[in-house]
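Trainee: Here it is, the structure in full.
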């Protein structure tokens with residue numbers, strides 16, 4: 001009875017309040033409704049703000065943790081903190097140490113302006129040539145890093161090499177942060193960003209080259225490309241304000257310009273991206289943003305000393321020509337020898353990826369979900385294109401209930417992006433351009449309710465409410481994936497940091513020590529471009545060639561020193577080396593005695609083919625010449641080799657011979 005009386009009392013009070021509202025003037029009622037509406041707007045705004053703040057904190061945290069992880073792993077792998085300066089520099093592999101040499105040069109110069117001027121008229125690097133090293137080697141990362149090191153007074157508390165390595169690792173943090181943001185913007189959930197970063201770290205050997213060659217140009221450039229893609233993704237989104245759109249546009253312009261400035265191959269990457277945007281523009285799925293490319297190309301052309309490669313780039317051809325692929329450059333192989341052509345085609349970057357790549361992606365669960373997400377998004381995109389061609393208007397704002405993920409311009413762009421770059425991976429080994437965006441695209445898909453809703457619309461799900469199920473799957477699926485990845489790969493990652501690896505190259509250390517202590521300062525060294533990059537870095541000596549494959553003139557110069565591995569006479573090799581004013585030639589046993597299964601791509605095989613020292617017998621290639629292989633014969637120490645060359649240093653890996661200025665005819 002007491003409960004019934006309470007309910008009656010509550011009902012009477014509610015009725016009284018209702019009568020009061022009805023008796024209030026209309027203006028007061030309108031004001032009350034406005035206040036409630038305003039309060040709900042504030043609550044929604046605060047919810048979104050909290051979500052954005054949490055997402056930004058998670059993105060920054062992921063980037064910083066990844067940078068710390070790289071620094072710790074690098075120190076464990078190379079024992080970096082306990083090495084001497086020269087031993088640290090030798091860890092820059094694949095000839096990449098040459099870039100660090102110019103960073104050291106900028107710091108040792110009397111002023112930044114003086115160092116910059118000396119690099120533009122560099123006559124102390126390549127024998128017999130004065131080059132603009134800033135243009136030839138795209139040295140803006142070293143210029144900017146050395147400038148920051150000077151003006152911040154960092155020399156008081158951090159060594160130059162740590163500052164340089166830290167700058168690269170910091171950019172890698174920006175890289176993964178941009179991938180996080182990109183996946184977050186597309187899916188609406190920052191869980192997608194965390195999953196993208198997790199996959200990126202797990203398959204790190206297939207997503208980046210920063211582990212073994214820190215100074216490479218792509219390690220400096222690709223973080224800016226990632227920022228550009230993230231800004232482009234935001235720009236293509238329909239539900240952004242005009243201020244956000246302008247911010248994305250300016251970010252795209254700045255990132256595109258920087259990307260063009262620091263990597264000589266960047267315009268090829270932007271050409272592929274330009275094709276994606278052209279397809280979106282062709283189907284009227286986006287606004288025209290090609291002026292971003294035009295302005296960035298113009299600025300990069302001016303800053304790179306009127307670099308002609310930018311004017312003849314396929315990107316510019318795409319922007320100003322009606323035939324998209326007509327101007328794609330093959331001039332790299334024009335007017336060069338068979339050796340240079342075959343040498344470039346045998347480089348790792350021109351090889352198709354091994355099956356191990358796809359196996360590793362499958363084991364990390366990336367590839368199966370990637371194919372699922374790509375299939376759904378591609379089919380939905382094709383539906384959208386069909387509707388556009390049929391004259392049906394596109395919705396300005398796609399709702400979750402519509403189940404049309406292919407009508408989102410940012411999704412369509414990334415479908416084209418991943419397909420075109422994936423096609424390149426099948427042609428050559430450009431995996432590091434594709435796999436990071438596979439991680440990002442896959443993470444977006446499994447965390448996107450729109451993707452699951454699109455599937456349910458196709459199968460016409462009626463037993464369960466499709467919206468509720470889509471929201472449930474977009475949360476539960478990434479949670480299950482994340483838990484399984486944490487359980488399997490977290491112990492492996494921690495084990496990598498705990499394991500003390502050993503990287504030591506005593507033969508190279510011994511060689512560089514001899515050059516610094518025994519060879520004349522003005523001596524000119526010949527050898528393989530990769531080794532000469534290390535020689536230049538650690539000793540500062542003049543060399544005959546550089547490990548730079550985008551410059552035709554330097555590529556041609558690298559062919560001559562390689563003749564020490566050909567079947568040539570002592571007199572022929574002597575004339576070749578003296579024509580380049582060589583004082584010492586370094587012969588590497590690893591090249592001379594190479595036993596690779598891919599015989600057609602060994603240096604000595606390429607030289608034999610170029611020099612016409614091969615015969616074909618029943619489909620097999622055999623080397624044949626009246627002279628023995630020079631690198632073998634010279635080690636025998638008999639005439640006429642001793643007439644032209646004198647051995648001055650040797651160890652297990654290297655033999656250094658002085659090129660005699662006066663020929664001694666002793667038999």
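Using N, Cα and C of the backbone, Cβ positions are placed for all residues, glycine too.
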Trainee: Looking at 434-455, 500-521, 522-543, which one does TrEMBL call transmembrane segment?
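Mentor: Comparing 434-455, 500-521, 522-543 with TrEMBL, transmembrane segment matches 434-455.
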Trainee: From 344-366, 367-389, 390-412, which range did TrEMBL mark with transmembrane segment?
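Mentor: Of 344-366, 367-389, 390-412, TrEMBL gives transmembrane segment for 367-389.
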Trainee: Please find, within the list 269-289, 563-583, 584-604, the residue stretch that TrEMBL describes as transmembrane segment.
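Mentor: That would be 269-289, per the transmembrane segment entry in TrEMBL.
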Trainee: Under 8 angstroms, Cβ to Cβ: which one of 184-202, 247-263, 467-486 has the largest number of such pairs with the transmembrane segment (49-72)?
Mentor: 184-202
Trainee: Quick one: do the transmembrane segment (467-486) and the transmembrane segment (161-179) reach 3+ CB pairs under 8 Å, ignoring pairs fewer than 6 apart in sequence?
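Mentor: No, since the transmembrane segment (467-486) and the transmembrane segment (161-179) share fewer than 3 Cβ pairs closer than 8 Å, they do not count as touching.
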Trainee: Checking distant contacts: for the transmembrane segment (161-179), what same-chain residues at least six beyond its ends satisfy Cβ-Cβ under 8 A?
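Mentor: 59-60, 62-64, 66-67, 70-71, 74, 80, 85, 88-89, 100, 103, 141, 145, 148-149, 154, 193, 196-197, 200-201, 208, 210, 214-215, 219-220, 222-223, 226-227, 229-230, 436-437, 439-440.
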Trainee: May I ask for the residues of the chain that lie six or more residues beyond the transmembrane segment (184-202) and have a Cβ under 8 Å from a Cβ within it?
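Mentor: Those are 51, 54-55, 58-59, 62, 66, 69, 176, 230, 233-234, 237, 364, 366, 408, 410-411, 414, 436, 439-440, 442-449, 474-475, 478-479, 481-482, 485-486, 489, 493, in sequence order.
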